[in-house]
Amino acid sequence: MSNESNIITVPILGKDTVRVGFGIHQYICTEILENFKSSTYVVITDSNIAPLYLEKIESTFNKSIKDAKAEARLLTYVIPPGESSKCRAMKAEIEDWLLTQSCTRDTILIAMGGGVIGDLVGYVAASFMRGIRFIQMPTTLLAMVDSSIGGKTGIDTPLGKNLVGAFWQPLRVYVDMVFLHTLPPRQVINGLSEIIKTAAMWNENDFQLLENNSAVLLDALNKPSVPGEYKFDSIKPLLQKIILSSIRTKCEVVTLDEHEGGLRNLLNFGHSIGHAYEAILYPQILHGECVAIGMVKEAELARYLGILKPNAVGRLTKCLVSYNLPISVNDPKVKKYASFKHCPVEKLIEYMAVDKKNQGSKKRIVILKAIGETYEKHATVVSDDDIRFILSRDVKVDEFTKSSWDVVVTPPGSKSISNRALVLAAMGNGTCRLTNMLHSDDTQFMMSALESLGAATFSWEDGGETLVVKGNGGKLAVPKEELYLGNAGTAARFLTGIAALVSSKDGAKVVLTGNHRMKVRPIGPLVDALRANGCEINYLEKQGSLPLDLSSKNGLKGGIIELAATVSSQYVSSILMCAPYASQPVTLKLVGGKPISQLYIDMTIAMMASFGVNVTKSTTEENTYNIPCGKYQNPPHYEIESDASSATYPLAIAAITGTKCTVPNIGSASLQGDARFACDVLRPMGCTVEQTATSTTVQGPPKGTLKPLESIDMETMTDAFLTASVVAAVACNVSEGDPVTRITGIANQRVKECNRIAAMVHELAKFGVRTGELEDGIYIFGKNYKELKKPEEGIYTYDDHRIAMSFSVLSLICPSRTLIIDKACVEKTWPYWWDVLHQSFGVKLTGATSVASDPLKGSISKNASIILIGMRGAGKTTIGKIIAKQLNFKFLDLDELLEDYLEMPIAEVIFRMGWDAFRLEEHKVLRKFITEHPEGYVAASGGGVIEMDESRNLLSNFVKEGGIVLHVHRNLEHIKSYLSEDQTRPTYKDQESIDDVYKRRHVWYRECRSHYFISPVLSNQVIDEKIQYSMSRFLDVVTGSSQVLQKFKTKKRSTFLTLNYPRIEDALPTLRDVTVGCDAIEVRVDYLKDPKSSNGISSLDFVAEQISLLRCSTTLPIIFTIRTISQGGLFPNDKEEEAKELMLSAMRYGCDFVDVELGWSSETINILYQHKGYTKLIMSWHDLSGTWSWARPHEWMQKVELASSYADVIKLVGMANNLNDNLELEEFRTRITNSMDIPLILFNMGRFGQLSRILNKFMTPVTHPLLPSKAAPGQLTVKQLNEARVLIGEILPEKFFLFGKPIKHSRSPILHSTAYELLGLPHTYEAFETDTVDEVQKVLNLPDFGGANVTIPYKLSVMKFMDELSDEARFFGAVNTIIPIRIGDKLVLRGDNTDWRGIYDTFANALDGVSLRDTNGLVIGAGGTSRAAIYSLHRLGVSRIYLLNRTLANSYRVQDVFPPDYNIHIIDSDNIPSEELSSVTLSAVVSTIPADIELPEKVASVIKALLANKADGGVFLDMAYKPLHTPLMAVASDLEWKCCNGLEALVRQGLASFHLWTGMTAPFDAVYQKVIE
C-alpha cells in the first residue's frame, strides 16, 4: 500500500489537483477529511463497481471519520451501469435522492467509476444547489487519463453525446492504479488508446515509449490473476510512467486552455471521426477502440492533404495494432464484436456535424504534422469532400485533363524486398536498420506475426523513417493466438516456412489464417514439400489453402527438399530463407517444369547473401540450390529499393496521357524484373524512355497514339501485366490489321489475390474493350480512348491492389468519371496511391459508396444466378423453370449440358466412365456455369453434385460471392414414390437405397445451401398447384423484392395474428376467418409438435413443411418465432443451439420476419444477423416478472441499445400491475421514438396491460375467438382493438360516399358497411346521388369526410377537385376513388383509379400464384372497362393481348391509348383465318360486354373457337353480373375454364378502395356473401 511519499502530484490550473499512486484508499479518505470539511460526503457509483470496492471504501471512510472525530456522514448511491444512465432522467433521480437525504450546499460528491459516473456526477455537482464540490475517483484507465481530468461534465441527449453539461473542476482527481487489477484486459487497452492519442499529438518521446513497450504491457495485462497478487507488480514503474505522461499532457493543455478556446481541441485528435463511428458501433466497440479507428482515419486525412508523411501513418497504425486496437471497421476485432453494424459515410458525416469543435457548418479536425506535433495549435477546418473521400469505401476518379505535366514520383519500398528483409533481419543476429520500408497491410501483418512468434522486436527512429529490427537469431516460440494475415499472400507463404522452424511442445501449434480470399489461394505445393521434410501441417478448412496448423518437435529436418515451383516463386523463397535453420544443409530441387518468376528467386538469394548466407546453384542438376546451415548476420543498415511493380502505374499514366513522369530510384540496376517495364513495354508502344542505373523517365506520345504490341512475353514481370493491359486498352495506332496486344507468360496470375487474367477481361469489358484469355495470357483489342464506355456499376477490384491501381490509370483517360470499388485494397503495397493521384497528378477524386459495396443492400447480389440442388426427383427442373419464368431469368439443366458436352445420356456416361469420372465431369460443368453465368440464370443440378469436395467448395464460394444456392426438397416418401415409376435414371452407386443416399447427403445439402424450399404437403399429398404461388412469395423475400416492412412503416396501424397450433394443417380450415384485418401471421414454432421428434423439438424439415404449407395458404407475411420458457413460451431455455439452427433455417425458408430473443448469447445473435439476408429481425424481450419499470427504464434502455445493433424491429413487452404502468410505457415510447428510426412494438401483458395494446400502433399481436387459446395474457382481437380505439378517440368516425347518378341500386353501401362492421370500425358509407358534379364539393370539405367512390357520369369531371392524381388515374384519365390526406391543418385530395384492381385481384386470387408471364390473353369488348382489363392483364405479365369487338374502329381506338409494349393485337372477326384461330392459346380472358347484348354470329363463333384453345389453368372473367352466371360463362365453363363473375370483381374493386382509405384488409368472403344476399 502507498504512503504519502509514494504519491505523485500533477498540477492543473495552478492547483495540485491530481494525485497518482498504487493502493491509496486510506490516503484518499484521510486526505478528503483533512482538507475538505463537510457534513455530508456522498459516494456515487454503479452496480458493476459497487460489489468490488464500495464496501471497502465505506468501511475505510467511516473508520477515518471516527478516527478524526469528524461530525460528518457518508452516504452511498448505486445506479445502473452503462451509457444509458448518463441521461436527464438519472441526473434528476440523483438530485431528488440528494434532497430526500437533506443534503445541503456543503455536500461533497465522490464519483467512483468510469467516464459515465464521472461525467454524470460532475454535472449533478455543477447544478445541484447552484454548484457543490465534487471529487473524481476514476476506476478505468480511460477515465484516469481522460474524462476525470479537466472539469468537463455532462449528460447525453437523444441528439448526441455530452451535448448538455458544464465546465466544473473537481477538488481532487485520485488516480489509484490498483483499480486496474480488476479491469478486464479489453478495458485497459481501451484506455491505452487515449494514452496513444495524447502521445501522438503532443510528445514523440512518449509515443516511442509506447511503441517500444507494447509486448511488455500486453504480457502483464494478459497474465492470469493470482489471489493476493497485483497483476501489474512487475511493470509498476513502466505503467505509472505511461499513465503519468498522458495525465501531464492533459493537465498542461487544460491549464493553457480551460474552456476549450482552441488548444484544448488538440486533445480531440481521433475523436471527430472516432465519435462518429462510436455513435454507430457503441456499445459493441468501445470508446477507445473507436478513437483508434478515428486516429488512423484522421492521420490518413492529414496525409491526403499533403501535411503528414506516409511513414508517420504507418508508425501510428503499427503502434495501435501492437496494442490489439482496431485500425478500421474491417478490423477482425470490429468484425468479431460488431459485424452486424454498418457505418454509412453520410451518416458518419451527419454525426460529425454535431461536434463542439466545429465552426458553424464547417467541420474542424485535429490534423497531425508529425508524430508528436499538430499542424496548427487548434483543430483545422476540413471540407466535407475530403472527409468523405477518407471515409468512403469507393472512389470516383475524374478524367485527367492537363495537356502537359512533368512530375517526379517516388514509389514506396518494394513489397517483395520489404517482406524478405523483415524475415531475414528478424531471423538474424543483431540489430539491422531498414530504410524505405513499405508501410502497408502486408508488411504490418508480417511484422505482427514475427513479433508474435518471438522472432524479433521492432522500433522506429528518425521520425519513423527507419525501422530498427532487433533479431533473435532464429529463436522462435508458438504464439498465444492464431496469426491472422488478411489477404497477404507473400506473408502467408514466407511465414509458413518460418512456422515450420518452431519447436512445439505439449501439442502446441502455430495457426496461420486469413480472410475469405486468402482461404482459397493456393499453398499446397509448399505444404507438400514441408510435410515431406517431417513437418506436421494440417489444413483446417479447404485442402490446399489457409488456415493451417503447424507443429514440429525439432523444426525443419533438412536434406533434399523437392518443390513444385511452377505456380509461385514465393514457395521457393520461403524454403530458401528458412533453410539455413534446418538441422541439416538443404538441397532444394525445383521440379515439375520451368520455375515461375526466376528473377524473384534470384532476388531472394542475393538478399540472403547480404545477410551472410550464400546459396549456391548446382552446376550439375538443373534448378537445384544448395543452402548451408547457419544464421543470418544482420548488416547495420539495409536500404529497401522502391517497388518496381508499383512504379509502373505513374509511368503508365505518363504513357496514356501524353505527359512526363520520372521515378528517381528504380533503374536498370534493380533486382526487380518489373524495372524493365518502361523499356520492354512502354517504349515499343511509342513512349520516349530514358533509363539510368537508378532512375526511369517516361514521356508519353500524343494522347491516343499509343501502338499495340503484337506479342510480348511478360514472364519476368508478371505483376506488371495488369498495367500493360490497361495501356493496351487504348493502344490503337496501327497502319493495318487489328490493334491487338497479346501478353503471354503470366499463367501464375490466375492464382494471385484473384484470378487476375479473368478479372482484367471482365473489368475491361465494362469500358467496351474487347479482350479474351489465352492459355497463359490475355489479348486486348485497343480502342480509341474517346470511345471508352463508362463502367456503369463501377470497377470491382477483387480485394486486389494491382487491379485497383491499374484501373485508376485507365480511368484518367476515360471521358466520364469512373467508380472504383474498394479503394482501401491499395494499402497492400501503396497505401497512399490515391494521395499521389490527388497531389502529384492533380486528379480530382470523390469518395463514394456504391450499391455493389453497400452491406446494407444484403448479401445477395442483384440478379444473382440461382443454382438448385437437391435429391433426384425433388422437383429441381420443374421448380427451376417456375423460378426462371417468375424472375425472367434463363433456365439451364446442368445434366442436359453435360449430356450435350459428352454426347451421351447420363446413364451411358456412368456405365462407360464410372461414377467417379462422372462426378468430375459434373464438377467441370458446374464450374463452367458459375464462371460464365453469375447473373440472370437458374440452373438445376444433378442430385449428387454435392458428393465432391471441390463441387461443395464451388457452391459455398458462389454463395459468399452473392449467388443463391437453393436446396429443393419434398417429402422423402413422395420422392421414392415418384422415382419408383421412373426407369430412365441410373441406379445409385453401390445400389444404395434412397433413404441411405439422403441420410449421407443431407448434411452436405445444408452445408452448401443459402436457401431452402420444400414443397407444401397437405394430408400427405404434395400440393403441386400451390408451388408456383408459394415460390412467388418465397422469391420476393430471398431476392429482396419484398417491401413488407416498408409498407408496415407507412401504415397508421398494423397487427399480426399469433398461430399456436401443433400443426399448421389444423389452422387451415379457419385461416381466412382468423386473419381478418391482420397484416401478418406469427408462427409460434415452440407450439409445433413434430410427431417424429424424440426430444420435443421439431426437426428442421418438419418446420420447413409447416412454413411451406402456411406460405401457400395465405398472402400475409410470416413471422417466425421461437419463444423460450423464460420468455413466456414453451421452448427449452437450454436448447440454444437447436433454436439457432431453426432460426437460421427460417431465413433460408424465406420467412419475412424472425423473432430473436435478446436473451440468446451474443455469438448466436451475431450469427443470425450475419445470415439474415433480406429477412427482417424482430429483436424481442419480455419481462415476465413485472419488476422492470418504464418510469425508471435503465434495464429497458440497455435492451434497446443491444437490440438497435441488430434490429429491423424492436419488441419490448412488460407486465402491467396497474393502469399507470401503461401511461409510463407511453411516456417511454414518446421519448424513445424521438431518438431512433427503428420501429417499436411496445406493450404490457396481463389484464391491466390491454390499454397498452390498444395504444400500440405498430405490429400489435392479436388473437381470434376461433384459435385454441390466446398466445399471451391480455391479447385482443382486431375487432376489439378497433372498438377500443374508437372509445378512446384513437379512431374517429368518418363518412364515406359514392358519387354518381343513378346509384340508388348500387351495392357499394352494403359492401363497405359490412366491412366496417366486421372490423369494428365506426364509419358510415352512403350513396350521394347528384345532378351536377359541383354539388360534391361541399361533401369533400366535411371535417369527417373519409373518402369517396366515383361512378358515371362524374369520373372525369370530379378530377378538377383533386390536388394530386395517382399514376393509374392519370393513365386512365378518370378517378373512381378519392382519398383525403390530412397533413396538419392542410387537406390534400388524391384521386385514384381502382377499376383495374377489381380485375387484377380477381385473377390473382384465381391463379393462386401461377404466373401469366409470356402468355396470351383476350379482352372482349372495346368500351371503358376494356381499358382496365388490358391494363390488368399487362400488369399480370401477359405478353400478348388480343382485343375482340364487334365494331373494329372502336378496337383500334382502344389500342391507340396504350404504349406499343402492351402488344395489343386486334382480331377482325370477319377476316381471321381459321388456322390463326387455332394457333392462339389463351391463359386469361376478360369479357367486358353486357350479358343482355346479343353478339353477332361471327363474333360469337370466334369467341368459342378462341375459348377452345385453353392453356392449363386458364381463367375467364365476365365483368357482367346480371345474371350472375352469364351465357359466355356457360360456354367457358363447358370448356373447363376457371370462371369468375363480375360481382367478385366489383367487390374486390371496392375492397381495394377500402384498403386505400383505412389501411386495413377486409374479409372478402364475408363481404361478398353479404353483397350477394
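Placed from the backbone N, Cα and C atoms, the Cβ positions cover glycine too.
The region '3-dehydroquinate synthase' feature in Swiss-Prot is assigned to 1-384.
Annotation note: Lys86 (NAD(+) binding site) sits in a coil segment as assigned by DSSP. Annotation source Swiss-Prot lists NAD(+) binding site at 46-48, 83-86, 114-116, Asp119, 139-140, Lys161, 179-182, Asn190, citing sequence analysis.
Here Swiss-Prot flags Arg130, Asp146, Lys152, Asn162, 194-197, Lys250, 264-268, His271, His287, Lys356 as 7-phospho-2-dehydro-3-deoxy-D-arabino-heptonate binding site, drawing on sequence analysis. Following the DSSP three-state reduction, the secondary structure of His287 (7-phospho-2-dehydro-3-deoxy-D-arabino-heptonate binding site) is helix. In sequence order, Gly115, Leu142, Asn190, Ser193, Gly274, Glu278 constitute the residues six or more apart from His287 (7-phospho-2-dehydro-3-deoxy-D-arabino-heptonate binding site) in its chain with CB-CB distances below 8 Å.
Summarising the annotation, Swiss-Prot assigns Zn(2+) binding site to Glu194, His271, His287.
What Swiss-Prot records for 397-843 is region 'EPSP synthase'.
If you look up Swiss-Prot, you'll see Cys825 marked as active site, for EPSP synthase activity. Annotation note: Cys825 (active site, for EPSP synthase activity) sits in a helical segment as assigned by DSSP. Sequence-distant neighbours of Cys825 (active site, for EPSP synthase activity): residues of the same chain at least 6 apart with a C-beta under 8 Å from its C-beta are Thr797, Asp799, Asp800, His801, Ile803, Ala804.
Mean pLDDT for the region 'Shikimate kinase' (863-1058) in the predicted structure: 84. The region 'Shikimate kinase' feature in Swiss-Prot is assigned to 863-1058.
Swiss-Prot lists Gly870, Met871, Arg872, Gly873, Ala874, Gly875, Lys876, Thr877 with the feature ATP binding site. Residue density at Met871 (ATP binding site): 23 other Cβ atoms are found within 10 A of its Cβ, drawing on all protein chains shown.
Taken from Swiss-Prot, the feature region '3-dehydroquinase' applies to 1059-1280.
Under the heading active site, schiff-base intermediate with substrate, Swiss-Prot lists Lys1211, citing sequence analysis as support. When Cβ atoms from all protein chains are considered, those within 10 Å of Lys1211 (active site, schiff-base intermediate with substrate) total 24, not counting its own.
Taken from Swiss-Prot, the feature region 'Shikimate dehydrogenase' applies to 1293-1573.
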Listed in sequence order, residues not in Glu194, His271, His287 with Cβ within 8 Å of the centre of the Zn(2+) site Cβ atoms:
Leu142, Asp146, Ser193, Lys197, Gly270, Gly274, His275, Gly288, Cys290, Val291, Gly294
Given the binding-site residues Asp46, Glu83, Lys86, Thr140, Gly875, which one's Cα is the least distant from that of Arg130 (7-phospho-2-dehydro-3-deoxy-D-arabino-heptonate binding site)?
Lys86
Ile196, Arg872, Gly873, Ala874, Thr877 filtered to the binding-site residues whose C-alpha is within 10 Å of Lys86 (NAD(+) binding site):
none
Have a look at the recorded positions Asp46, Thr140, Glu194, Arg872, Lys1211 and say which one has the shortest Cα distance to Leu267 (7-phospho-2-dehydro-3-deoxy-D-arabino-heptonate binding site).
Glu194
Fill in the CA-CA distance, Arg872 (ATP binding site) to Lys1211 (active site, schiff-base intermediate with substrate), as an integer in Å.
43
Env. residues of ATP site, Cβ within 8 Å of mean position of Gly870, Met871, Arg872, Gly873, Ala874, Gly875, Lys876, Thr877 Cβ:
Ala940, Gly943, Val968, His969, Arg970, Ile975
Tell me, how many other CB atoms lie within 10 A of the CB of Gly875 (ATP binding site), whichever protein chain they belong to?
24
Between Ala874 (ATP binding site) and Thr140 (NAD(+) binding site), what is the CA-CA distance rounded to a whole number of Å?
60
Would you find the one among the binding-site residues Asp46, Glu83, Glu194 whose Cβ has the most company, meaning other Cβ atoms within 10 Å?
Glu194
Using a Cβ distance cut-off of under 8 Å, indicate which of 1-384, 397-843, 863-1058, 1059-1280 has the most pairs with the region 'Shikimate dehydrogenase' (1293-1573).
863-1058
Can you figure out which of Glu194, Ile196, Arg264, Gly875 (the binding-site residues) comes closest in space to Thr140 (NAD(+) binding site), comparing Cα atoms?
Glu194
With Gly875 (ATP binding site) as the reference Cα, tell me which of the binding-site residues Glu83, Val116, Asn162, Leu180, Ile196 is the closest one.
Glu83
Does DSSP give His271 (Zn(2+) binding site) helix, strand or coil?
helix
